[in-house]
Amino acid sequence: MASSSSSSLPLHICHGNKLTTIINRSHAVLHSIAIAFLIHYRVSFFFQDPKTRAAPAVPLVFVFASELLLSFIWFLGRAYDWNPVYRTVFPERLPSDEKLPPIDVFICTTDPNKEPTIGVMNTLLSAMALDYPPDKLSVYLSDDGGYAITLHAMREAWRFAKFWLPFCRRFDIETRCPDVYFSRTNDHHPESKNSDFIEEKQKTKEQYELFKERVRRAGEECKLKDKDVRSASNHPSCIEVIQEDSKEGLQEGEITEIPLLVYVSREKRTPHLHHFKAGAVNTLLRVSAVLSNSPYILMLDCDMYCNDPTSARQAMCFHFDPQMSPSLAFVQFPQAFHNISENDIYDSELLQIAWPGLDGLKGPVLSGTNFYIKREALCCHSIQKGMGPIHFFLDIIHIYFTIGVQGSYYCAKQADIELRELKDSFGPSNEFIKSIQRDYNKPNLNGDEVSNMLLKEAKVLASCSYENHTKWGKEASFLYDAVAEDYLTGFVMQCNGWTSAYVAPSSTRRPQFLGTSTTNVNELLTQGIRWGAGLVDVAISRFSPLLYGPPRTSFLHSMGYAELSLFPLLYCLPLWCFATIPPLYLLNGVPLYPEVSDPYFSVFLLIFLSSLSKHLHEVLKSGRPIRKWINEQRIWMIKSVTCHLYGSLDAILKKLGLRKASFMTTNKVADDDQIELYREGKFDFRASTIFIVPLVTIMLVNLASVAGGIWRMLFMGGDWKKMLGQVLLSVYIIVMNYVVIEGMVIRRDKGRIPLHVSVLSFVFCLIFLLLGSLISNSLF
Ligand SMILES: O=c1ccn([C@@H]2O[C@H](COP(=O)(O)OP(=O)(O)O[C@H]3O[C@H](CO)[C@@H](O)[C@H](O)[C@H]3O)[C@@H](O)[C@H]2O)c(=O)[nH]1
Ligand SMILES: [Mn+2]
């Protein structure tokens, strides 16, 4: 609990759920006992006389290893159940606007072909229209491709903002992303019948249409220009403060307060590593430090618009809490999406169990977007309490800069040493070093000398060689050691003593941010490779949570982080094993599980049902239907055997120096027939063969095994009691992934599985079963 400075009422409250915690902990105890029995059963098998064993040891080694891995990852995940907390905020209790601190908003974009410019501008406009004093808001757009269209569209967006912002403010509009607002057919605004409102709305809408048309036209012109002048991976830095070029559009005497708007395209040269989004954000961190230097930063992906304009005030409820604020690095809001269909076949709506779970331990994971972070925490990572040594150095630097050579010799010399140290960490820019100490500083950027000097400095800070031989990306700012820069940076900050908070919207509030999710198999799994690789990058790096976490952060907190970083790897191995080895032995009539009459059979069944029902409980508790549970199970299996395998491999190969890091940006453009398939709830199997072939092959292997197994029981005197475990496992796989069979043999539409993919998979399945049977028979 916290109390506001102006009243005794709390700005936010934090609550747990005792009953759920009791259920979770009891479940964990029972499940652990069952796992202990399982381990006992398997271990005693290996102590049996090899001549009298019912099954060969080799497949059982794989199966047992998989069972151990699954148990281990299950154990790590218990950290989320330990003490999940939920938070409620009361932004209306915040002190008056004058006391609110300034905020810089960072938005990243990289490729207008995958990230439509109008969408990016909508994100930008929604951020400019946040319910926050406009003079305390600065919006930066990082354009990693350096495209002329983006800069051009930004100037247009600025012009449109002169209509959009006053309209939103005057009528207190809730939906401040213009595209979403104007595409709604019914307006529930209390003044929707008021003629004044109708007129203003119509006028603003016309301006919006004009704005879109100008951007569209500019897009066509710029396409030609961009082609011959520059390339996305090779261009100089370009920084522009977008501001008034004419009085056009403004009525007599009308002044609109518009946040500072800055276009930043960092320099890119081919041999220089640019570190993708992390590199872009670090550039923004430096550039904004000399232009506005706000103590708080809101980070947004270009496809994540502000859906609740009060999110900044919600975040401030924590930053204004005197108890929490000194160590609080960031407030994270959930990643929710606007384009998810009702049946959500790709399980895009993230069930964020880890976030409240970690929030109750020390703080949730940083999710890359939708968070308000303290500049100091991001920039320096180390936590400075009161007059720590860094503050002392900074004070000396301050004296050095203010009194210069006339200062005492001692101070100057001491400052020299410290200045050199700071430059070693943060690079050679004096302006930047000064900004570390200086508070908020929004210069008047109206073409005067100061602004020219600052813009020149900003360009230096955005050059591709600026970070050479500094601590950028290594010890300060967004770290470069993993493609999941967000997860890694948040973890290291928390290991350095910072905390964080997670705020899901309460039932009466709207989601604070809404983004675009993947709506086809190819994008889903391509993104899954990057996420998988990014997380495993961390698991096998010097920051591996179980090794790096304790004693910097609690063991439970490290366990939670370890679960996230290890799950792609630790699920893909056992799932591949269960999808192939038990069915292969089922086909050959060799039991790998105890027979039905054996009491240990119930142990296996119990563990299986206990995991499923725990998951079902989580889904139902969050208010989702059973269908969500099925989707989650299915997508978990599909991702494990495809993208998480490739992602883990990618991370391992990078570690061995056999591959370079890459970041495939998600495509935010969807074509009509793809959207139609998605709305109908049909899988779009027009995806890379490397994704579909494993799925189809596994399905064929399991189908063949169940059919072969039943044949054996019926006609070859097989004992069903011994094989039931394997039959159940394969049937479960088949039932949960029925969509694959449907895509292979039933569907006739465009999104079905192409014949050649089925044929190729059939060949793989045949090879696996033949070779596998040969080997398994020779093992006896
Ligand atoms: O070289 C690059 C590559 C990407 N981006 C931007 O990074 C953002 C995220 O990229 P996207 O392709 O949309 O990836 P997602 O998988 O949707 O993003 C999720 O995963 C990322 C980590 O992989 C996080 O950084 C994001 O915040 C999180 O939303 C977008 O705004 C991009 O424009 C850059 O600025 N430069
Ligand atoms: Mn995205």
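Keep in mind that glycine also has a Cβ here, set from the backbone N, Cα and C atoms.
Keep in mind that TrEMBL annotations are predicted by a computer and have not been checked by a curator.
Here is what TrEMBL records for this protein:
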TRANSMEM  28-48  transmembrane segment
TRANSMEM  54-77  transmembrane segment
BINDING   LYS114, GLU115, ASP144  UDP-alpha-D-glucose binding site
ACT_SITE  ASP144  active site
BINDING   LYS277, ASP301  Mn(2+) binding site
ACT_SITE  ASP486  active site
TRANSMEM  566-587  transmembrane segment
TRANSMEM  689-711  transmembrane segment
TRANSMEM  723-741  transmembrane segment
TRANSMEM  753-775  transmembrane segment
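Annotated features, which come from TrEMBL, shown on the structure.
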residue : record                           : Cβ neighbours (10 Å)
LYS114  : UDP-alpha-D-glucose binding site : 17
GLU115  : UDP-alpha-D-glucose binding site : 23
ASP144  : UDP-alpha-D-glucose binding site : 25
LYS277  : Mn(2+) binding site              : 22
ASP301  : Mn(2+) binding site              : 24
ASP486  : active site                      : 23
Got a sec? Which of LYS114, GLU115, ASP144, ASP301, ASP486, the recorded positions, have CB under 6 Å of any ligand 2 atom? ASP301
Give me the sequence-ordered set of same-chain residues, not including LYS114, GLU115, ASP144, with a C-beta within 8 angstroms of the centroid of the UDP-alpha-D-glucose site's C-beta atoms. THR109, THR110, ASP111, PRO112, ASN113, GLY145, CYS302, THR665, LYS668
Please figure out which one of 28-48, 566-587, 689-711, 753-775 racks up the most CB pairs under 8 Å against the transmembrane segment (54-77). 566-587
Closest to GLU115 (UDP-alpha-D-glucose binding site): which of the recorded positions LYS277, ASP301, ASP486, going by Cα position? ASP301
Simplified DSSP label at ASP486 (active site) comes out helix
Under a three-state DSSP reduction, the secondary structure at LYS277 (Mn(2+) binding site) is helix
Quick check: of the binding-site residues listed here (LYS114, ASP144, LYS277, ASP301), which one has the Cα closest to that of ASP486 (active site)? LYS277
Hey, how far is LYS114 (UDP-alpha-D-glucose binding site) from LYS277 (Mn(2+) binding site), Cα to Cα, in Å? 15
C-alpha spacing of ASP144 (UDP-alpha-D-glucose binding site) relative to ASP301 (Mn(2+) binding site), in angstrom: 12
Mapped onto three states, the DSSP assignment of ASP301 (Mn(2+) binding site) reads strand
Cα distance (Å, whole number) from LYS277 (Mn(2+) binding site) to ASP144 (UDP-alpha-D-glucose binding site): 8
Looking only at LYS114, GLU115, ASP144, which the record lists for UDP-alpha-D-glucose, tell me the maximum pairwise CA distance in angstrom. 13
